[in-house]
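Asker: Structure in C-alpha cells, see below.
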Amino acid sequence: MYQQYREGWIEVITGCMFAGKTEELIRRINVLEYAKKKIVVFKPKIDDRYDENDVVSHAGKSVKSYAISKAREIFDYLEEDVEVIAIDEVQFFDDEVVDICDYLADQGKRVMVAGLDMDFRGEPFSIMPRLITIAEFVTKLTAVCMKCGAPATRTQRLVNGQPSHYDDPIVQVGASESYEARCRHCHEVAGKPSEKYCRPIKEGKA
Ligand SMILES: Nc1ncnc2c1ncn2[C@@H]1O[C@H](COP(=O)(O)OP(=O)(O)O)[C@@H](O)[C@H]1O
Ligand SMILES: Cc1cn([C@H]2C[C@H](O)[C@@H](COP(=O)(O)O)O2)c(=O)[nH]c1=O
Ligand SMILES: [Zn+2]
C-alpha cells in the first residue's frame, strides 16, 4: 500500500505563438473551477495586447487575472487557501519566477504556466529552459504553418512583411500584425549566424 501522496507540482504549456497555449491554460483553469479549487491567475503587465488585466487568447477566450510587473508580486495575492497558481506569458517574467514556481510547488500548490519556448530567432526564450527542466509535466503544442500548412513550431516576426533581423530586440509585444506561426523549414531570420555552426557538420568535420 502507498501512503497518501503530497500535492504540488509544476505544469508547463509551451510552443510557438498561436499554438493554443492560452486556450489550454484557460481550459485547465475552467476544469479546476468545476472542481471548486481556489485559483489565482497572473500575467505580466507588459502584455496589454487584448486587455490590461485579463488573460485573453487570440480567438477571444478570457479569464480574470492580475497583471503584475515582477514575479514576486504573486505573493501579494496569495491567500493561505489558494490551491492553484496559473501564469500566462511566463517567458516575460524575471529569473525569480522559476524559484517562485519551484517554492510554490514545494508548498503543495499546483502551478500551471504557459509561455513561448522560443523567441523569433528560434532560440530558447529567457527562463523557459529552466522552467521546462524543473516541471513535472510539459505540454508542447503546435500551430499551423502559415506558409505550407505543416505543424508550426516556430514564430516568424515580420517587419513590413519581411523577416525581422537577428539583432532586433527580443521583446516586442504583438499579435498577427507582426507575428505568424511557421514550421522550421519556412521560418526565416535575417542575418542569423547559423552557417558558422552548420558548415563543419555539412563537411563531415564535426
Ligand atoms: N497559424 C495558426 N495555427 C493555429 N491557430 C491559429 C493560427 N493563427 C491563429 N490561430 C488562432 O489562435 C488560437 C490560439 O490562440 P492562443 O491560445 O491565444 O495561442 P497562444 O497562446 O499559443 O499564442 C487558435 O484557436 C486559432 O483560433
Ligand atoms: C516570438 C516572440 C514573441 N514575443 C511576444 C509577442 C506576444 O506579445 C507574446 C507571445 O504571445 P502568445 O500568447 O504566445 O501568442 O510574446 C516577443 O516579445 N518576442 C518574440 O521573440
Ligand atoms: Zn512551413
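Cβ coordinates come from backbone N, Cα and C, glycine included.
Sharing the record's features from TrEMBL:
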- Gly15, Cys16, Met17, Phe18, Ala19, Gly20, Lys21, Thr22, Asp88, Glu89, Val90, Gln91: ATP binding site (BINDING)
- Glu89: active site, proton acceptor (ACT_SITE)
- Cys145, Cys148, Cys183, Cys186: Zn(2+) binding site (BINDING)
Asker: Let me know the most crowded of the binding-site residues, choosing from Met17, Ala19, Val90, Cys186 and counting other Cβ atoms within 10 Å.
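Answerer: Answer by Cβ density within 10 Å: Val90.
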Asker: Between Cys145, Cys148, which of the binding-site residues has its C-beta surrounded by the fewest other C-beta atoms within 10 Å?
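Answerer: Counting other Cβ atoms within 10 Å of each of the binding-site residues Cys145, Cys148 gives the minimum at Cys148.
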Asker: Between the Cα atoms of Asp88 (ATP binding site) and Cys145 (Zn(2+) binding site), what distance do you get, rounded to the nearest Å?
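Answerer: About 23 Å separates the two Cα atoms.
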Asker: Cβ neighbours within 10 Å, counted over all protein chains: which one of the recorded positions Lys21, Glu89, Cys183 has the most?
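Answerer: Per the Cβ count, the most surrounded site is Lys21.
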Asker: Running a distance check here. Ligand 2 versus the binding-site residues Gly15, Met17, Ala19, Val90, Cys148, Cys186: which have CB less than 6 Å from one of its atoms?
Answerer: Met17
Asker: With an 8 Å cut-off on Cβ distance to the Cys145, Cys148, Cys183, Cys186 Cβ center, who else from the chain surrounds the Zn(2+) site?
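Answerer: Counting only non-site residues, the set is Met146, Lys147, Gly149, Ala150, Ala152, Arg182, Arg184, His185, His187.
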Asker: Taking a cut-off of under 6 Å between Cβ and any atom of ligand 3, tell me which of the recorded positions Glu89, Cys145, Cys148 pass.
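Answerer: With ligand 3 as the reference and 6 Å as the Cβ limit, the list reads Cys145, Cys148.
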Asker: How many other Cβ atoms are found within 10 Å of the Cβ atom of Gly15 (ATP binding site), counting all protein chains shown?
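Answerer: Step by step: centre on the Cβ of Gly15 (ATP binding site), count other Cβ atoms within 10 Å, giving 25.
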Asker: Using a 6 Å cut-off on Cβ distance, which of the recorded positions Glu89, Cys145, Cys148, Cys186 come close to any atom of ligand 1?
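Answerer: Near ligand 1: none of them.
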Asker: Let me know the DSSP-derived helix, strand or coil state of Glu89 (active site, proton acceptor), please.
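Answerer: Once the DSSP labels are grouped into three classes, Glu89 (active site, proton acceptor) ends up as coil.
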